[in-house]
Amino acid sequence: MFASGTSTPSGLKTPRTHGAHAEETPFLGADVEQGRTGYGTPRTRDNQPTRHRRRTSNWAKVNYYVPSTAWIPAYSWSLFGGDLLGGLTVACMLIPQSVSYATSLARLSPITGLFSASIPGLIYALFGTSRQLNVSPEASLSLLIGQAIDGILHDSHFTHYGRDKIGIAVSTIITFQVGLIALLLGLFRLGFMDVVLSRALLRGFVTAVAFVILVEQLIPMFGLTALRNQVQLHTTLDKLVFIAENVWEHSHRLTMIIGFSALVILLAIRSFKGFFKRYTLIYRLPEVLLVVVLSTFLSDKFDWDQQGVEILGDVPVNTGSHFVESPLSKMTLKFLRRTTSLSVVCVIVGFLDSIVAAKQNAGLYGYSISPNRELVALGAGNIVGSFIPGTLPAFGSITRSKINGEVGARTQMSSMICSVVVLLAIFYLMPWLYYLPKTVLGAVICLVVFSLLAEVPHDLKFYWRLRGWMDLSLMALTFALTIFWDLEMGIAVSLVISLVLVVHKSSKPRMTILGRLPGTDVWKPVDENPEAQEDTAGVLIVRIRENLDFANTAQLKERLRRLELYGVSKHHPSDEPRREHASVLVFHLADVDSIDASAAMIFYELVETYQNHGVGLFITHLKKAPRELFERAGIIKLLGEDAICKDITSAMVRVEKLARERADPQTY
């Protein structure tokens with residue numbers, strides 16, 4: 001099953017086959033650079049016969065789209081010990097966390113959380129490019145699912161179905177939509193989303209999510225669940241008021257003691273592990289599993305359920321004819337339109353967490369990942385998972401992926417092991433958790449909340465030190481909308497503001513005025529070099545410092561007008577002009593590698609306008625690709641070949657000639 005070959009630095013062996021030249025394919029193919037699969041792919045020999053090259057090229061594409069076909073045959077058993085330890089360690093964390101997310105946040109059966117922690121992870125192991133990423137349910141997405149179910153339950157059209165049936169249908173259709181959207185985003189190479197969204201907005205949203213989850217868990221930890229089910233609480237603020245009004249009179253004392261004691265123990269063990277990182281045995285201690293096992297034992301021993309403490313109880317596993325069903329059933333399709341926008345939000349939030357975790361591990365262990373193929377792998381995992389009714393959306397976890405790598409995992413074999421362990425837990429472990437107090441599950445989630453909040457003080461100090469008032473304002477706005485409205489509104493506003501900021505910045509072309517250094521033919525930006533001086537009155541030399549497209553070219557004329565009248569210094573539109581209109585304009589295009597059709601059209605209109613106003617135009621350092629586009633657009637013909645110059649010095653010679661022509665038109 002496992003082939004021998006040459007060992008790579010990561011410990012994987014390279015199969016004795018020949019790969020293909022880097023090729024582009026219609027969708028994901030732009031990521032194929034020397035067969036980059038995240039695990040390494042062999043190269044070709046140029047002297048191979050055509051048929052063999054075609055065959056190896058096809059196999060390279062298979063390795064690209066399904067990286068497991070590259071790393072499984074080349075797997076080295078020397079890596080198995082680390083992968084086994086990583087899989088078991090993560091499973092010890094994942095089992096209680098998944099049960100907690102499903103039960104306390106989504107308010108579904110614990111089984112749905114466990115299936116979500118196993119099936120998508122198995123599929124991701126086949127298609128994913130990250131070697132340490134653990135794919136499973138996340139707290140924020142589970143909370144979004146729970147709120148979506150509550151929102152539909154408040155609709156009188158669906159109340160007769162009952163919470164369980166609605167919950168399973170809503171969760172199933174959302175998971176399917178999440179998978180489909182992620183898959184399509186990956187196929188159409190939209191994996192750049194992580195660089196579009198503002199870090200401040202994301203931090204504000206994550207902080208708000210953590211706060212919302214914390215408030216949600218305080219209700220069961222105080223033993224107020226039964227009372228909470230009797231009233232309608234819509235916003236987080238409503239829940240805070242509810243807790244404040246009822247905590248002293250109606251809280252269940254034993255439930256409260258058990259829950260907060262479990263939380264203190266979890267925090268204490270985690271702090272203890274932080275002090276003794278160098279001791280492997282202590283650092284790998286599964287504190288969550290220990291607390292779950294201990295509390296279950298004590299609950300059974302002292303009959304806590306007889307004293308009013310809510311326990312997990314019997315969790316049946318349906319293995320009959322309805323174990324696997326199509327996610328597009330008559331019941332789930334009833335909620336398709338209502339859940340689509342939420343599914344988009346889930347994809348964005350989940351993918352951002354996943355790609356951050358994947359990039360962190362890739363940088364740490366020295367390999368590359370592909371955001372587009374990550375989307376495909378995550379999408380495929382969620383689509384397959386949605387065939388088990390009630391499954392929650394699953395994405396990569398930063399914390400669990402980090403631990404997975406730290407304990408020794410070097411391939412996705414660790415995810416396969418983890419998924420198998422979770423599947424075994426579904427069928428054999430659940431009866432042993434019958435007496436597990438639900439308040440302990442709340443404590444487990446609170447531990448996750450503290451992890452989410454860990455970076456907030458650092459980010460706040462950083463933005464404050466840099467006087468990033470805009471970033472701080474955006475954080476506060478996102479946080480407030482999420483708290484006082486809901487999670488969906490918070491992330492929706494975050495996305496809109498991020499996109500507006502990106503469009504706002506990209507719509508302003510980066511330009512600067514060039515001046516000559518005295519006594520030389522060297523031209524430098526006047527705002528960066530105090531010695532640089534504009535050489536000739538009425539001549540404006542402008543360097544465009546980026547590619548031109550429809551977004552940034554739309555404001556090109558206005559930006560040029562401001563440079564003409566005010567230079568590069570800051571000014572207010574109401575200020576009096578500091579300069580005269582230029583009679584000659586020289587464009588320095590050395591930094592322009594590409595121009596799209598819309599930008600070419602706008603540039604043509606700009607040239608035409610300047611010529612109609614008698615302004616002389618010259619272009620220098622024009623590269624081959626932009627020149628070909630200018631020729632097709634008619635810009636070269638409009639300007640004339642004499643207006644295209646090799647450099648600024650030659651352009652200035654022609655500017656002087658133009659000045660003489662204008663001064664004495666009869667001579668010329």
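From the backbone N, Cα and C atoms, a Cβ is placed for every residue, glycine too.
Those TrEMBL annotations? Automatic predictions, nothing curated.
Residues or ranges marked as compositional bias 'Polar residues' in TrEMBL: 1-11.
Residues or ranges marked as region 'Disordered' in TrEMBL: 1-54.
Residues or ranges marked as transmembrane segment by TrEMBL: 74-96 (among others).
The transmembrane segment annotation in TrEMBL covers 108-127 (among others). For the transmembrane segment (108-127), the residues of the chain that approach it from at least six positions outside its boundaries are 65-68, 94-95, 98-102, 133-137, 142, 145, 149, 164, 167-168, 171, 175, 312, 315-318, 373, 376-378, 380-382, 384-385, 388, 390-394, 412-413, 415-416, 418-420, 422-423, 425-426, 430, 433, judged by C-beta separation under 8 angstroms.
Within the same chain, residues 27-28, 106-108, 112, 116, 145, 148-149, 152-153, 158, 327-329, 331-336, 339-340, 342-344, 346-347, 350-351, 372-386, 389-393 sit at least 6 positions outside the transmembrane segment (166-188) and bring their C-beta atoms closer than 8 Å to a C-beta of that stretch. Here TrEMBL flags 166-188 (among others) as transmembrane segment.
Annotation source TrEMBL lists transmembrane segment at 200-219 (among others).
Here TrEMBL flags 250-269 (among others) as transmembrane segment.
Outside the transmembrane segment (375-395) by six or more residues, the chain places 28, 65, 101-102, 106, 108-109, 111-113, 115-117, 119-124, 126-129, 135-138, 141-142, 145, 167-169, 171-176, 178-187, 190-191, 322-327, 346, 350-351, 353-354 with a CB less than 8 A from a CB of the stretch. Per TrEMBL, the feature transmembrane segment maps to 375-395 (among others).
Among residues of the same chain six or more beyond the transmembrane segment (416-434), those with a C-beta under 8 A of the stretch's C-beta atoms are 83-84, 86-88, 90-91, 94-95, 98-99, 110-111, 114-115, 117-119, 121-122, 125, 134, 292, 296, 300, 311-315, 317. Residues annotated as transmembrane segment in TrEMBL: 416-434 (among others).
Using a Cβ-Cβ cut-off under 8 Å and counting only residues 6 or more beyond its ends in the same chain, the transmembrane segment (491-507) has close neighbours at 196-198, 201-202, 204-205, 341, 345, 348-349, 474, 477-478, 481-482, 551-552, 554-555. Summarising the annotation, TrEMBL assigns transmembrane segment to 491-507 (among others).
If you look up TrEMBL, you'll see 538-655 marked as domain 'STAS'.
Taken through DSSP, the domain 'STAS' (538-655) splits into 57 helix, 20 strand, 41 coil. Mean per-residue pLDDT, taken over the domain 'STAS' (538-655), amounts to 85.
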